[in-house]
Amino acid sequence: MSIQKIWAREILDSRGNPTVEVDLHTAKGLFRAAVPSGASTGIYEALELRDGDKQRYLGKGVLKAVDHINSTIAPALISSGLSVVEQEKLDNLMLELDGTENKSKFGANAILGVSLAVCKAGAAEKDLPLYRHIAQLAGNSDLILPVPAFNVINGGSHAGNKLAMQEFMILPVGAESFRDAMRLGAEVYHTLKGVIKDKYGKDATNVGDEGGFAPNILENSEALELVKEAIDKAGYTEKMVIGMDVAASEFYRDGKYDLDFKSPADPSRCITGDQLGALYQDFVRNYPVVSIEDPFDQDDWAAWSKFTANVGIQIVGDDLTVTNPKRIERAVEEKACNCLLLKVNQIGSVTEAIQACKLAQENGWGVMVSHRSGETEDTFIADLVVGLCTGQIKTGAPCRSERLAKYNQLMRIEEELGEEARFAGHNFRNPSVL
């Protein structure tokens, strides 16, 4: 079924910043998609087009991207006569029209908005749930419910506290199902709230951009201690492990790392990549840390490779790989990490996101699907993670509706699958063995 109409508009994301929403019409109805936006963005990400007009939304408007859709992309896709089930052809047509390496002509936020809407329309055209349509696009016969990685303590660029490292996550790998994982996660989250309140007072339980608590602590080990205490207190020591997103590019200064980067600069307190690696080794020894994302700067390749060779845990590339096949290929060659963080808006189309996922999986990597810190009520990534069988997703704490929208959709998918539903659990790094 060909496209009848495409219309884009500017809406607001969960941080109150403008983002792009796209309505796509076919004979089957209206299909709507909204684009997320990151705070700690890798310099190699596809370009998110902002207006730059300081008189409007402090320069963050997206009317240019919206206009590119309404004036150029929409007429081209409609006149092509392509069916919405032809995802790759439609995505490639947009990439050709843009013609740049990093989507800087139209903006990745313009192309992705249309690409997501096409995918939703394609599923309806086939009379399939979105996750099954995505599985078909990826050539997958399996469907797997992921382990959620709940970001329960926020730091870095996501919170106004002193904490340098950006996310401290809990993964309920011992849960029996996704629904059970949600319960475990929520119970530990509420227990953690009590632990933080008792230690630092009620104002320390304010939440960051992704719904995690943001107590004003400086030591990253203190955050790990709080999470461990909450897990133990909730009674889930055997069922829950810890993940971290360090987002080290945010505090990389002149070849060294500043773990107090939110205070006035002081070169004397900066540490080397080796020293930072030793700190992580301590974390892994002392806490049930099984996954560390972006432990080093996006260009500190030597530190990545050395560290990954020396630890037996999951090392996730985000700013390093930016869901980009060329960066992934280099990371595979240099053995820099062993898991890809998949963010559709880093690369800017559904087709390229699927290709990036397959490339990582073919090289024996894990894949974790991810939200952005600036989110919307769109639930596309919930269906994406099931269809791509990656076995793990991070989309914030069990708090804030733009986060819960994804988790709730995953519970619905699990319910819909019934007996067919399989939960990744302890195999979250390699769910294909299920």
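In case you wondered, yes, glycine gets a Cβ from its N, Cα and C as well.
The record from Swiss-Prot ties His158, Glu167, Asp318, Ser370, His371, Arg372, Ser373, Lys394 to substrate, and of the options Glu293, Glu419, Glu420 it ties Glu293 to that site too. Cross-referencing Asp232, Asp245, Asp254, Asp378 against the Mg(2+) binding annotation in Swiss-Prot, which names Glu293, Asp318, picks out Asp245. Of the listed recorded positions, namely Lys60, Lys199, Arg372, Lys394, Lys406, the sparsest CB environment within 10 A is found at Lys199. Under 8 Å, Cβ to Cβ, and six or more positions away along its own chain, Lys343 (active site, proton acceptor) finds Gly38, Asp318, Val322, Thr323, Ser370, His371, Arg372. Under DSSP, His158 (substrate binding site) is assigned to a helix (H, G or I) in the three-state scheme. Candidates Ser2, Thr26, Lys202, Glu210, Asp245, Ser263 (recorded positions) were compared with His158 (substrate binding site); those inside 10 Å Cα-Cα are Glu210. When the Cα of Lys197 (N6-acetyllysine) is compared against those of the recorded positions Ser2, Tyr44, Glu293, Lys394, Lys406, the shortest separation belongs to Lys394. Nearest in space to Glu293 (substrate binding site), taking C-alpha to C-alpha distance over the recorded positions Ser2, Tyr44, Asp245, Tyr287, is Asp245.
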